[in-house]
Structures are given as C-alpha cells and as structure tokens.
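K.L.:
I have a structure here, written as structure tokens, and I will follow up with some questions on it.
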Amino acid sequence: MPKSGQCPICDSFAHPEATLKYPHQGDSILRQSVLSRPAGRRYPTSLKEIPLFSPLLNRTYRHLFAAQVVALVGTGLLTVALGLLAFDLAGADAGAVLGTALAIKMVAYVVVAPVAGAFADRLPRRTFLVAMDLVRALIALSLPFVTQVWQIYVLIFLLQSASAAFTPTFQATIPDVLPEEADYTKALSLARLAYDLESLVSPALAAALLTIMTYHDLFAGTVVGFVLSALLVVSTRLTRPTPVEHKGGIYDRTTRGMRLYLLTPRLRGLLAFNGTVAATGAMVIVNTVVLVRGLLGGSETDVAMLLAAYGAGSMVMAFLLPKLLEQTGDRSVMMAGAWVLTGGLLTLAVLLATGLVVGNVDGSFPILMPAWFILGAANSAVLTPSGRLLRRSAEAGDRPAIFAAQFALSHACWLVTYPLAGWLGSTGGLTIAFATLGVLAVVTTLIAGRLWAGDDAPRSV
C-alpha cells in the first residue's frame, strides 16, 4: 500500500501544481482499481505505460470532453445547414455568401478572442462556459427564420463571437483539470481525434438526417448540441484559479495575453508554425475539390476520400504523439512536422508541373492518397503539441488570456492563407498555388526555428 502522503496512482509525494491533495483525487474508478492490486506492484507512471484514454477516467475531464464532442457535432450540422440555407437565399451566389461568412467568422475570432480572454479569469469558469453555450444555442435557434443574406452575416458574427469567447477559455480549463503533463498531452491528442472524427461523422450524419427531414431541422440538431454541452459543463466542478492582479486598465488587460505570448520565445516560434499549418491547411481545404473535380474529373466521393485520408493521417499521428513527445520533445516533433508540410506542398507543385498528377483520378490517386495522409499526420504533429507550450508559458490565472492570444493569432494566419489559396488557384492555377504556399511555408518554418532556438523562458509583463 502507498505510504502516508503518497499518491496511490503515480507514487509521488507532492504535486505543487494540483489544487487537490492528489491530482488524481477525483479519479475514483482508477484509484479503486489501483488500490485493489497486489502490494509491491509497480503502477504506471509514464506516457509509455498509461493508455491514451486514461484522462477519461477523470470525471470532470470526461464531462468536458463529452461537451466538446457534442458541440462539435452540432457545429458540423450547422455547417451543412448553413450551406443549404445560403443556396436557398442566394442561388448561384451561394459560394460568395459562404466565403463572406467564413471571412466574418475569422474576423470575429481574431477580434473578439483577446477581449474575451482578458476578462474570462474574472468570472467563474463554469458560469462563463455555460453562458456562451446558451448564447450559441439561441443564435442557432434563430437561423431557420432568416430571410435575407445580411441576416446570415449578422448571426454568424454573433455566433462565432460567442465561440471565440468559449473555445480559448475551455482550452485553458483543461490544464487545471489535468495538472500532470502526461495526462494533459493525452487530452490534447483526444481533442485532435475529436476534431478529425467530427469532420468525418458530421457530414455523414447530416446526409442521413436529410433523408427524413429538411435542412431547417438540422439547425435544431445544432441547438441540441450546444444545450447538451452546457448541461455537461454544469455537471462538472471547476476550480477558479487565482486571478492575476493587473495594474493597468482595460487596454492592459486586453493586450496582456498577446504581450505575454509575443515575449515568450517558444510562443513566437509557435506563431510561425501557425503560418506553416495555415498555408498547408488552406490548400487542402480550399483546393482539394478543385484538384479532384476540376483537374482530374473526379466525383464528390473522390473528394471525400481524399479529405478522409487527410483526417486519417491526423488521427493516426494523434495516437502516436504522446509517446513521440516524451521521447523527442515538442520542438523536434513540431519542426519535423513543419518541414514535412513544406516538402509536401513543394512536391505537389513539382508533380503538377511535370504532369505526374494530371489526367484522371485512377492514375493520380495512388500518389494523392498517401500524400494527403502524410500531410494530415504532419499537420497534427505541428498543431497538437501547441497546448503544451501554452500551458508552460503562463500561470493558471493568465491561461485564458494566452490561449485567447493563440486562438486569435492562429486564425489571423488562416485569414491570410484562405483567400490567398483560393485566389492563386483560380487565377494562376494549382501549380502556382502549391508553389507559392509552399514557399510561404518554407519562410514561416525557418522563422520558427530562428525564434524558438535557445532561450525558452517566458518573459514577465
């Protein structure tokens, strides 16, 4: 049996970061399981020994993860329904409407997230998260009654503003629930899996639901998702970190997260990595359909298969990352992933220029399917560890602000690469688009290596 004061799960005697006596104190299932084992047995203490899904044994995290999943599915249904609504209202101009809505979404993320992050630490976390979920549910509930395009734009801005307040605060809460880095790393992988699975499940679920209902009813699914998310958050017990004292006024509070972010070498490197991810992701999201349908004459199913390969690569890497990060470290994994993304874009540009990927789907898919799988895996390798860097770079009270800064800055990168990928693809062709975004990825990866090289200590602000 453990000695007095010794944690029965990991055998340690002190957890200075934990708010509970033991960081596993709420894990009754795991604790009872361990205590029932024979004395003298060595309990799992490292990433190599604990399964990926072990954080789900923590009741609070389990409920938060479930809240994230149902909200993601609801958002996925919203995406499908919004596209059909735009087509009903705008017809052939639906693409322009959706493009504008996407731009509005990104602007809301960039502008609102830092403001919300500045004040999130002053409010009870659970109350704040539930309020944002209910706001999103009310907005989604009003979308079926839209009759004008401008109404879509207004509601999307309000909805995404609530998401810009909710998401960074939610992300900043997880390190408090799982103070051990091993558990938190697995939670990041689980979050990555949830995002990737949602991108596969939501369209299929929407297609199935549309066989028995109209697209207006899909908005009800979105409302249900947000309400269930709110109920799951209500069922948790979240501790409130001690707020960081601020000497300045509103401007100081609003910019604190951004200043702390930009003063920390590893986070400046992360910002450059965000550019690499955005360059590659924009090409995949914007131009996969152009490549398959326009250049290769493929079907919608072929587009879905290629995007599924990208998601599968991301999920496989999410499973591998906990052990990989323990063995090699964050910077090495992220740098390797960034160079794979860069090489992938430039290689595809060469293949298009030399005619190796042209003509038909059957001849090109043996090249494209592995390429998209590798790009998805590399994307996950760069993106998933970012939460670990943010966690190390701020005190608990500052985490909402610094997670909000990452949320805003990463989406600012997408705000540049989304239109760039679309404009280059339509005016210069896919070869030019892949080459240009590839060069951009080279530059941002080199900058990341330069900014995050030696001194890695966060600065005080």
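From the backbone N, Cα and C atoms, a Cβ is placed for every residue, glycine too.
Pulled the feature table from TrEMBL, pasting it below:
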type	residues	note
DOMAIN	60-456	domain 'Major facilitator superfamily (MFS) profile'
TRANSMEM	64-87	transmembrane segment
TRANSMEM	99-120	transmembrane segment
TRANSMEM	218-238	transmembrane segment
TRANSMEM	269-291	transmembrane segment
TRANSMEM	303-321	transmembrane segment
TRANSMEM	333-358	transmembrane segment
TRANSMEM	370-390	transmembrane segment
TRANSMEM	402-424	transmembrane segment
TRANSMEM	430-453	transmembrane segment
K.L.:
Between the transmembrane segment (269-291) and the transmembrane segment (64-87), are there three or more CB pairs that fall under 8 A, provided the residues in each pair are separated by 6 or more in sequence?
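P.N.:
These two stretches do not touch.
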K.L.:
Return the stretch with the most CB pairs under 8 A relative to the transmembrane segment (99-120), choosing among 218-238, 303-321, 333-358, 370-390, 402-424.
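P.N.:
By Cβ pairs under 8 Å, 402-424 leads among 218-238, 303-321, 333-358, 370-390, 402-424.
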K.L.:
State the residues, same chain only, that lie 6 or more residues beyond the ends of the transmembrane segment (430-453) and have a CB under 8 A from a CB inside it; answer 'none' if no residue qualifies.
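P.N.:
Sequence-distant neighbours of the transmembrane segment (430-453): 265-266, 268-276, 279-280, 282-283, 287, 290-291, 295, 331, 334-335, 338-339, 341-342, 345-346, 348-349, 352-353, 417, 420-421, 424.
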